[in-house]
Each structure stands twice: as C-alpha cells, then as structure tokens.
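S.K.: Pulled these features from TrEMBL for this protein:
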{"type": "TRANSMEM", "residues": "12-32", "note": "transmembrane segment"}
{"type": "TRANSMEM", "residues": "75-94", "note": "transmembrane segment"}
{"type": "TRANSMEM", "residues": "100-122", "note": "transmembrane segment"}
{"type": "TRANSMEM", "residues": "143-163", "note": "transmembrane segment"}
{"type": "TRANSMEM", "residues": "175-194", "note": "transmembrane segment"}
{"type": "TRANSMEM", "residues": "225-243", "note": "transmembrane segment"}
{"type": "TRANSMEM", "residues": "249-270", "note": "transmembrane segment"}
C-alpha cells in the first residue's frame with residue numbers, strides 16, 4: 001500500500017524496475033564483451049566431437065567467441081521481451097485488485113512477450129548471433145546508449161497496462177474493451193504468422209539471397225511491424241474505459257512504438273542505409289542489396305510498407321496518396337539506385353552476356 005500512496009500510477013516503480021533490470025543485463029553483456037570474461041572463455045573451451053568421441057582443446061578464440069556472442073544475444077532477447085512481462089505482472093500483483101480488465105490486459109502482454117522472446121531465441125539458436133549490433137558491442141558508450149533507449153522503449157510502451165493495473169476504478173466491460181481485445185488478437189496473429197513465414201522462407205536453401213514476398217509479405221513489406229503496432233493500439237483501446245484526465249497521456253505508449261518503427265529502428269533500419277543507421281546495420285539494406293533487381297523494384301512499388309493491402313490496388317495509387325495516408329515516405333526509397341543508373345547497369349549486363 002505504501003507504494004500506491006507514494007506512486008499512485010506506478011510510474012516511478014516501473015521506471016526504477018526497468019532501469020535496474022536493464023542495468024543488470026547491460027553489466028553482464030559488457031562483461032561478456034570486454035576483457036577477462038571473454039579471455040577466460042576463450043582459453044578454457046573444451047570441444048567434444050560427437051562423430052568420433054574425441055575430446056580436444058578448442059580453437060582458441062574463434063569458436064569460443066562465437067559462443068560468447070550468441071550468449072549475449074540470448075541475454076538481450078531475454079531482457080527485452082521479459083521486461084514487458086515483468087512490468088505487467090509486477091503492477092498487477094503489487095496493486096492486488098485483480099480486476100478482470102487488469103488481469104486480461106496483463107495476460108495479453110505476457111502472451112505477447114513470451115511469444116516474441118521464444119521466437120527470437122529460436123532464431124538466434126538457428127542462425128547464430130544477431131550481427132546487426134556488432135559495432136555497438138565494440139564500443140561501451142554506444143552499448144550504453146542502446147540499453148538506455150531500450151529502457152525508455154519498454155517503460156513507455158507499457159504505460160497503458162501500468163496505469164490500468166494501478167487504477168482503483170473498475171467500470172463494467174464495454175464494447176471498447178472487446179474491440180481492443182480483438183485488435184490485439186488480430187495483431188498478434190499477423191505478427192506471429194509473418195515471423196513464421198519469413199523464418200520458413202529464409203530456412204529454405206533455394207531462397208538464399210532473395211527477399212521474402214510470400215504469404216503476408218505479398219501484401220506488406222513489413223507485416224510483422226504492422227501486427228505489433230496494431231496489437232499495442234488494441235491494448236490502449238482496451239485500457240480507455242479506465243482512463244481519466246492526464247491518464248490519457250498513456251497514448252504515448254503505442255504512439256512512441258509507431259513512430260519508432262516508422263522512423264527509427266523499424267522500416268528505416270531495413271530499407272535504407274544512412275550514416276547514423278550504420279551503427280545498427282551490419283549488412284546492406286534491402287534497397288542496397290536488391291535495388292538493381294527489376295523484380296524487387298516492382299515489389300517495392302506495388303507493396304505497402306506497413307498496412308496489408310492488395311498489390312494490384314496499392315501499385316496503382318498515386319505517390320502523394322501513398323505518402324500522405326499509407327506511410328510510404330519518400331526517404332524509404334532514398335537508397336534505391338536511380339532509374340537511369342539502373343538502366344545503364346542492365347545494358348552493361350546484356351552487353352557482357354553478348355560478348356561472352
């Protein structure tokens with residue numbers, strides 16, 4: 001009860017818990033990257049060859065470093081997804097009201113967090129470390145900025161559930177609650193389906209070096225982001241019957257996530273390649289990698305960046321309409337090679353084929 005009196009909306013409590021949680025994993029990650037911990041792992045590795053039963057000292061550094069790297073990626077995944085789960089469960093238990101709306105929203109966050117965490121962990125186990133963050137790991141300052149930003153992200157996006165769980169108000173279930181729950185269900189279905197479709201696509205050897213354009217990816221270049229944004233807006237909608245006065249500021253949660261994926265670490269990270277994004281991006285963006293392929297340029301022109309829309313419809317819409325209403329911002333294509341350059345490249349390719 002003391003916590004409720006001092007911090008009636010659990011804003012300070014969740015901020016302190018988030019910072020502490022992030023700090024613990026930041027310290028562990030930093031230690032695994034720097035100095036003695038890494039050295040110790042490299043020198044004490046022992047490998048077991050299952051094919052012939054031999055036990056031998058591993059290659060110093062190489063295999064060990066890969067294992068340390070994968071361990072760090074596992075820690076980052078555990079931290080980011082479980083932090084949401086921790087805040088939802090903590091605020092529900094500390095308040096102790098156990099209102100039906102509070103329980104439902106907390107369960108929805110737990111399901112989302114555990115599903116995403118397990119999926120990302122499975123992806124790391126299958127493909128190895130997430131190499132997008134290699135440069136940050138080499139610089140403690142950049143790594144610290146990343147963890148701070150992640151703490152802000154978790155705390156802000158969790159605001160609707162935090163405030164609902166802290167509230168004494170318990171109005172009866174309304175239509176808006178059901179609408180919010182349906183939005184969440186549709187969002188997590190789209191996100192999970194898109195994740196699985198892309199995972200299956202990339203696991204197929206025949207798709208190596210290709211962009212994913214199957215399933216939901218036919219209708220959106222980033223259907224997983226659409227699903228995540230939609231489900232968090234659903235949680236906000238389901239929280240609205242409880243909100244009063246300044247509590248409506250919890251709309252900053254889904255709004256922050258939407259802006260983040262549209263302008264910072266979501267679509268821009270994957271589609272464009274700018275100087276400041278190279279901190280996070282090791283491999284080439286999709287535009288740099290496939291920009292000279294006519295089929296990719298057609299895919300990008302006819303496929304919505306976020307919303308699920310039929311390509312036949314989207315491809316025929318005017319550019320101003322796409323940019324104004326459908327999130328097709330011009331800077332998403334700034335890394336695409338110019339059309340005239342692309343034509344000259346194709347002409348050179350044809351000429352080389354004729355010569356050969």
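Every residue, even glycine, has its Cβ placed from backbone N, Cα and C.
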S.K.: Cβ under 8 Å, sequence separation of at least 6 from the ends of the transmembrane segment (100-122): give me the contacting residues as numbers and ranges.
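M.R.: Same-chain contacts beyond the ends: 74, 77-78, 80-82, 84-85, 87-89, 91-92, 158, 160-161, 164-165, 167, 170, 173, 177, 181, 184, 188, 191-192, 195-196, 199, 231, 235, 238-239, 241-242.
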S.K.: Please indicate, using numbers and ranges, the residues of the same chain that are 6 or more beyond the transmembrane segment (175-194) and have a C-beta under 8 Å from a C-beta there.
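M.R.: Long-range Cβ neighbours of the transmembrane segment (175-194): 101, 104, 108, 111-112, 115-116, 119, 215-217, 220, 223-224, 226-241, 308.
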